[in-house]
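One structure is given here, and the rest of the page talks about it.
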C-alpha cells in the first residue's frame, strides 16, 4: 500500500503551521515552487521560535560566552566548562513549558529526558539535575493538579533514570495561571578528550538512527511550543511526547560505550522537531547536505507519512554520523542494549536536505536556509517604564512583626519545598553533599578526594516585571551569590529566558532589557553564559507570564571539607551581617504578601559590591572561619535568619540595627550574606571585613529555642518550623488555599 504524502497547500494550512504570509513568500522565492506538504512541515518546524531563535538571536549574540575555563559555549547541545585535572562539566537548562501545561506528567518527564539527552549526547555522564517551576496562584482550580503532575513527572523520570535532583525553585503567581513554566537543568561530567559535537564531517558517510522507535507522539510539538494558547488547548494533547526513562538509561549507556569505541564522528539528540531538526543541524553546521531514506526509520506505528516521521518528537532517539568501518561494532553495542540501530541516510556535498519515502523524493531543500541561515527578526521593542522611588518611610509598618514573620515564612513562595524534593531522589549515585533546601546543591566529583560542584537556579520575576534590566542583573547575581555562599567559585551559567509574545513591543522590550542586564552581570562577575534556551509566546488569551529569565549556574569547590551550609550554626556562635542593613522595600515580598502591593522599583544591583562582598565571604569559608552561611534574598534579613534557625534547630538573639524596623527586617537590598562563626572567628572576620571595605554588623548570638530580633520579633523556632514546613503539604492535601 502506498501512503499518500500529498496535501493541497492552502492559506489555512500555511497559517496552521505557524508561518506568516511573508515567511511563506520567502519559501516560494527560496525554492522557486510550491513546497510539498512534507516540506511545509519542515519549514514550519525549523523556522519557528523554538528551533530558530528568530526573535532573540540578535540579542543573544551580545551575551558574554567565553572565559578561561569555557571549552564550548552556546551553539552545541550543552555548554562545556573546565574543572581541572582533565575533567569538565557539561550543562544546560531548557524549558518544557507548553507541553507541561497540557499534560503535566508527560510534559515534565520528557522535559527532564530531553535535557539529560542534551548532556550525554556531548559524551558526559549526567550527575545532577535541577528544575525551576512556576505555577499559577494556589487558589486557581488547576494549580494543585498541575503541581502534582509536574512534580510526579520530574521525579518519575529523573529517579528512574538515576540522576540526583540537587536543587531548583517553585513559585506561585496568578500570572502563570494559564502558562506554567517547567525549566529543567542537567549537568554531566566528561573528560576533555571525550567531548562529542553535532557538526557532521565527511561526505558519503552513513547517517545512523539510534534508540527508540518513531511513533506519532509529539508531531507538531515544536510548532505548538512557539504559539500562544487559547480556548482550544485540550486539542493540543496529542502534540505532547511520551517518555520512557528506562529506554533513556539504556540509550545513555549505549551512547557512552559507542563513543568510547571511536565510531562516532558527530552525534545529535532528537528533541524539538525530531528527525528534521537533528539532521538539519548536523548537516548545516558541517556545511554538508543530508539525504534521508524514511523507509529505513524504525517505526512503532503503521502507515506513518513522511510528514509524521520527519516531525515526530518520540523520545529517547539520537542521530549520528558513523565511521563506516565501525558499523558492525556499533550495531552490536545497540543490539546489546535492546535499542534500534538503522542506517537511514548519508552525508552529501551539495548542501541539500533530501528526504526519500517509498522511492519518491518528498523534500529537497537548501539545508543552510533551514539551519544557521534561517530567518532572523529585529522586532520593534519599547523601553519599559520605570517605577518612581519608594522610600521605606512611605511603606506602612505592621503592628506585630512576629506574626508578619510567621506569615511570610509560611507563605506559598517562602515556605519549605520539602513536599516537592522528597519526591525526587536527591542521593542516588552517592555523591550528594548538599541536597535541596539550602543555598545551592553540592555533589562530589567522582574520582577526586576533595573536589565538588555546586549548582543553583534563580530569578525573581516580580523584579523583572518592575525593571527587566535590574531583574536580569539580579537573577545572575543571586545565582552567583547562592553558589558563593557554599564556598564555591562560580564558573559559568546557562539561561532559560521565558517571556510572552515577542510580536508585542512591550514584551520584546522586556526581553531586550533583561538580556542586557544578564550580560552586564555575567561580565562583571566573570560568569559567562555557555548554553541556554528561549521560550516565547507564554501567553494565554493575551495575558503574558511575568518575565522570567531563569539563570542556572555551576561552581567549583576545590575542597568540600571547607564548605558552608545554611544550617551549621552552633550554640554560642556569633551571627554577622555582611553587606549593609536593609533599606529597600520596593517590589518586596513584605509589600506583596502583607499588603497585596507591587509598588516601587526593584532593588538596585551594584555588581562591584556583589563581587567584593562575595569574594570576601568565599575566602572566609575557605579559610575555615565560618560555621554557617546564607545569602539574603526574598524577605531580607528576617527570613534569612529564620531559615538558618529552622535548619540548625537553634534560636538566636539579634539586634536589628538602627532605622525603620520593616526595612531592617524585610528589606531586599542585594549583595548581602549572614554568616555564623565562633566569637573569636567573628572578631577576626569583622577585622578583615573592615580592611576589605565590606560593610558588616555583629547581629548577636546563637542559642536557646527562640528567635528574638530587637524588640520587634520574638517567636519560637518550633512555631517558625511549623509555619515553614506546613504550607506545602497542607496545600497539596487540599486543606488550604493561597495565603493562610
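Counting begins at 1 with the first residue displayed.
Placement of Cβ uses the backbone N, Cα and C atoms for every residue, glycine included.
Going by what Swiss-Prot states, the substrate site holds 95, 96, 97, 98, 117, 313, 314, 315, 535, and the candidate of 25, 241, 397, 625 recorded there is 241.
ATP binding, as stated in Swiss-Prot, involves 53, 495, 532; the candidate among 20, 92, 451, 611 given for that site is 92. When Cα-Cα distances from residue 117 (substrate binding site) are compared across the recorded positions 92, 94, 96, 269, 533, the shortest belongs to 269. Calculated from their C-alpha atoms, the gap between residue 269 (Mg(2+) 2 binding site) and residue 495 (ATP binding site) amounts to 20 Å. Of all the recorded positions given, namely 94, 95, 96, 97, 118, 315, none has its Cα within 10 Å of the Cα of residue 53 (ATP binding site). Other than 53, 92, 495, 532, the residues of this chain whose Cβ falls within 8 Å of the Cβ centroid of the ATP site are, in sequence order, 60, 74, 93, 94, 494, 496, 497, 529, 531, 533, 534. In this view, residue 94 (Mg(2+) 1 binding site) is surrounded by 25 other Cβ atoms within 10 Å of its Cβ, with every protein chain counted.
Neighbour count (other Cβ atoms within 10 Å of the Cβ, all protein chains): 23 for residue 97 (substrate binding site).
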